[in-house]
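In TrEMBL this protein carries:
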type: TRANSMEM; residues: 20-40; note: transmembrane segment
type: TRANSMEM; residues: 52-73; note: transmembrane segment
type: TRANSMEM; residues: 93-110; note: transmembrane segment
type: TRANSMEM; residues: 117-136; note: transmembrane segment
type: TRANSMEM; residues: 170-187; note: transmembrane segment
type: TRANSMEM; residues: 199-216; note: transmembrane segment
Amino acid sequence: MFHWNVNPELFHYGFIHIRYYSLMWMLAFLVGIYIFNWIYKREHKPVEDLDSLLVYVLLGTIIGARLGHCIFYDPVYYFSQPVRILKIWEGGLASHGAAIGILLALYLYARKHPDQPFLWLVDRITIAVAIGGSFVRIGNFFNSEIIGRPAHVPWAVIFDRVDQIPRHPTQIYEALAYFLIFLYLLYKYKKQGANTPNGQLFGLFLILVFGFRFFVEFFKEVQEPFEAHLPLDMGQILSIP
């Protein structure tokens, strides 16, 4: 058991505030770019297309994650005051929304690049998304958010910025799980390369990531009050499809 009382801000200068959470998102995208650059070179795809792909994925991720949070977790609040949807700096991003946004972005991108089919893109982006998800959960840990339920295990964490109750470090559970999934998907891809059957990596990603997400939610505190009255929380409900 240990105490966690790290300032979520890495540093600030004047009006500039850099948080660990933002840094983790940045690392997620940088590592994703590196992975896709390697994949494109390995399969002799036009590397110059990566700039366009990055824009699609970046917009799909941010818009999807934000709208996902607004729609899935607090639609009455946000749609009664639509301008608050734009205030992304106030917090509120949903991973399920990000997943939907990325899929839509890849579909639109693939329509303009027939040499890079939708399933081909989706299979390969799962590798980057898995490691990216690991970074984001580490960012959540620095923010002392998405905390676990009270626990009496030796590795329980007391988030001093929340309360003095030992809790499951569910952010770390997810970060480790997504990192292991990343290693497995990378292994499968390196073994099969361009011969990877269409949809295989994507299917494995869905089963492993959302299967684990469904399981780990049992150890999390509810994120919104309305979830306390549901048999499953929103993260589990969205993981079932």
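Here the Cβ of each residue, glycine as well, is placed from N, Cα and C on the backbone.
Keep in mind the model is a prediction, meaning the values are calculated, not measured.
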Query raised in the report: Between the stretches 20-40, 52-73, 93-110, 170-187, 199-216, which wins on the count of C-beta pairs under 8 angstroms to the transmembrane segment (117-136)?
Result: 20-40
Report summary line: If you count CB pairs under 8 A between the transmembrane segment (52-73) and each of 20-40, 93-110, 170-187, 199-216, the winner is 93-110
Query raised in the report: What residues in the same chain, six or more past the boundaries of the transmembrane segment (199-216), come closer than 8 Å to it by Cβ-Cβ distance?
Result: 95, 119, 122-124, 126-127, 129-130, 133, 170, 173-174, 177-178, 181, 184-185, 188-189, 235-236, 239-240
